[in-house]
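Step one of this worksheet: look at the structure below.
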Amino acid sequence: MPTSAPEFPRRRRMRLRLNRQQINGLVWQIVVVAIAVAIIGWLWSNALHNLSVRRISTGFAFLGREAGMPIADSWLAYSPRDPYARAFIVGIVNTLRVAVVGIVLATVLGTLIGIARLSSNWLLSRLAAVYVEVLRDVPLLLQLLFWYVLMQGLPAARAAWKPIEGVFLSNRGLVLPAIPIEEANLWVIAAVLAGLSALYLLRRQLVARQMADGKARPLWPYALALLVGLPALVSFGLGASWTITLPELRGFNFVGGLTLAPEYFALLIALVTYTSAFIAEIVRSGIQAVPKGQWDAANALGLRRSFVLQRIVLPQALRVIIPPMTSQYLNLTKNSSLAVAVGYQDVVSIANTTLNQTGQAIEAIALIMAVFLTISLSISLFMNWYNARIALVER
Amino acid sequence: MISITDAPQNPLPFDARSRGTPAGRAVRWLRTNLFASVTSSIISVLLIALLAKAFVSLVQWGYWNAIWIVSGNQSGPCRSIRGHGACWAVIPEKYRFILFGTYPFNEQWRPALVCLTFIALFWVSSRRNWWRKELVLVWAAALVLIGVLMWGGVFRLSYVSQDRWGGLPVTLILATFGLAFGFPLGIVVALGRRSKLPAIQSLCVLYVELIRGVPLISLLFMASVMFPLFLPDGVNIDKLLRAQIAFILYAGAYLAEVIRGGLQAIPRGQHDAADALGLTYWKKNGLIILPQAIRHVIPPLVNTFIAFFKDTSLVLIIGIFDLLTTAKTSIIDPAWQQFSVEVYVFVGLIYFVFCFAMSRYSRQLEAQSRPG
């Protein structure tokens, strides 16, 4: 038949076009990958050549060599005669020390300011708005230098400010009263943690049983036993001491207590205040994202404002808040690398010193990347898990 | 049947709200905004007391006891009031260095003109009715003008080498060029990440996640230390240019993520319709998808610009003379060493003005694009 004859080539052409699209895609991919490989290969061969000219051997063997770099502020035992690997571990601990404390404090401060911005008190909400606007619009590095300069301008240890008994603020940093932590104390802390996780599992079970039969079961006797009884028992059994030691001025410096070095303290203040401004905005928009009807309904039930906020609005707001909060935590962790500007030795600063001493540029940068990628991934994983958990609350 | 919507929106009677003496209105305002409840009143009183105290000591330090000008680089009078009053005299003494760095003193009208050109360029680009193709030409012309003014060497302008540049122009150059080149890069990477071709997609994911996963400082270290290693012998790129490349790569990754958000918001129908018209991939994206996607994400884009502008200050750590570095260097002078707070406040104010303008602009755009 004459009519069916032209149909064949047409259909074929369509198929050809589809194939051409696929071929196009394939060609594009090959071209892009080839260019990428060529560029990386070229850079790599240049690097190998330059390294051999400068007599720098590649590889991580340098980590075993003596570092010879002093680290002033460290929680771990460290001396300049230790190898580079040890210095790096000290740096990682220093980074985590400022990041973890910073995240906790920034969350608390940011949430308070975010709620203050929504306050019905005009003065409070305006003040919070000014705080957010000023801190967000000035570079963090500038703020850090500013805090550090203020810190250096504080009186010497002899004339330290004493806002409360046992707390000293001077150009040596902040000195706080502390409880000396020994092995027995660590066991007690472990007991508290074990009690907390047991309580968490117990609560889940109790809630499940209440779901089944509708009878409310009190949790507090268990809480008392697990969080107070168990640690107290462990403390008695091991004879842990909980005396608070107050710092004292002896000669030119302080003895006893917990000292936050000015570098650490300045970095912490800068990170916390800067990040809290962003967190405040996230919290504010999260709360505002909860429909007004939820407030109205809760008010109609005659619930107290604080109860409404805690039990009705915040759980819903959290779902909006968590994802941007995660990226703020990541930012804070990455921003902690500004430490190098005030001489707090975090992992980036130590890698930089290593790089200058050994010339192992590629390895040092690779280590920084590995450390930060690991931290970023852990924070993301944890926050995704938490996010999934609160998302499940929906029934 | 009583409908709730029939009830007056505001419980106050009409005349009570709009009439009354100014004093009466003020009292009413105070009552609703500051003393609505016992808690609110306590907070207000505490805040007023705190603010008054802070205000008094700030005025005492910053104005009452401050020294505004000294003659002949003498910081003696300032030192005698240290701790009680600010020494603003450091600013007139040092502002030329803070703003323009080590640029030849008699030629500093050139970087000043460059800064004004940048500001005019930003202003023009922020007008909605100016968003046309001609804007690209304006940008090209402005960038050429900036290059001519900074380098010189033509039109009887003396040549000034790059290592003498400093201060505000360097900050503006790093930020503007970083964004101008990072933006197209971001678009390409965002499209690549949404592409169905696995090799291209994974390359883009790798690039974005690697850059976003590490601190900017490590990228800058890389630029200042590793770039020379990666180049063949004899090729030497200037330090400022190396940092600029690092900034472009950095901006590209962050902008790509913002633009990807916009791409995801475009309904599938738009893709299908473009395909049905027989448009090629580039035409489809360039004419249909990207214009809509970018319009969606203008507010977060401006926020990224703000963050980027602030981040340029990190070049301090690798020793490039941007605004913050010149500020920090200006107080190395032993005579003025103790007055860094004043200098930081001054520089902070400059950064604040730029960022605040951008954030206001972003909020205005957001309000315009909100439906209704």
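Cβ atoms here come from the backbone N, Cα and C positions, even for glycine.
All TrEMBL annotations are machine predictions without curation.
Annotated transmembrane segment per TrEMBL: B:34-56 (among others), in sequence order.
Residues or ranges marked as transmembrane segment in TrEMBL: B:108-124 (among others).
According to TrEMBL, the feature transmembrane segment maps to B:136-159 (among others). Tertiary proximity for the transmembrane segment (B:136-159) is limited to same-chain residues at least six positions away from its ends with a CB under 8 Å from its CB atoms, namely 104, 107, 110-111, 113-114, 117-118, 120-121, 124-125, 165, 169, 173, 180.
What TrEMBL lists as domain 'ABC transmembrane type-1' is B:168-362.
Residues or ranges marked as transmembrane segment in TrEMBL: B:171-192 (among others).
The transmembrane segment annotation in TrEMBL covers B:204-231 (among others).
Residues annotated as transmembrane segment in TrEMBL: B:243-263 (among others).
Long-range contacts of the transmembrane segment (B:301-321) within the same chain, counting only residues at least 6 positions beyond its ends with a Cβ under 8 Å from a Cβ of the stretch, are 101-102, 165-167, 170-171, 174-175, 178-179, 182, 216-217, 220-221, 223-224, 239-240, 243, 247, 250-251, 254-255, 258-259, 294, 328-329, 351, 354-355, 358-359, 361-362, 365. Under the heading transmembrane segment, TrEMBL lists B:301-321 (among others).
For B:341-361 (among others), the entry in TrEMBL reads transmembrane segment. Panel annotation: around the transmembrane segment (B:341-361), residues 86-88, 90-91, 94-95, 98, 126, 168, 302-303, 305-306, 309-310, 313, 323-324, 327, 330-331 of the same chain, lying at least six beyond its termini, place a Cβ under 8 Å from a Cβ of the stretch.
The highest tally of CB pairs under 8 A with the transmembrane segment (B:108-124), across B:171-192, B:204-231, B:243-263, is held by B:171-192.
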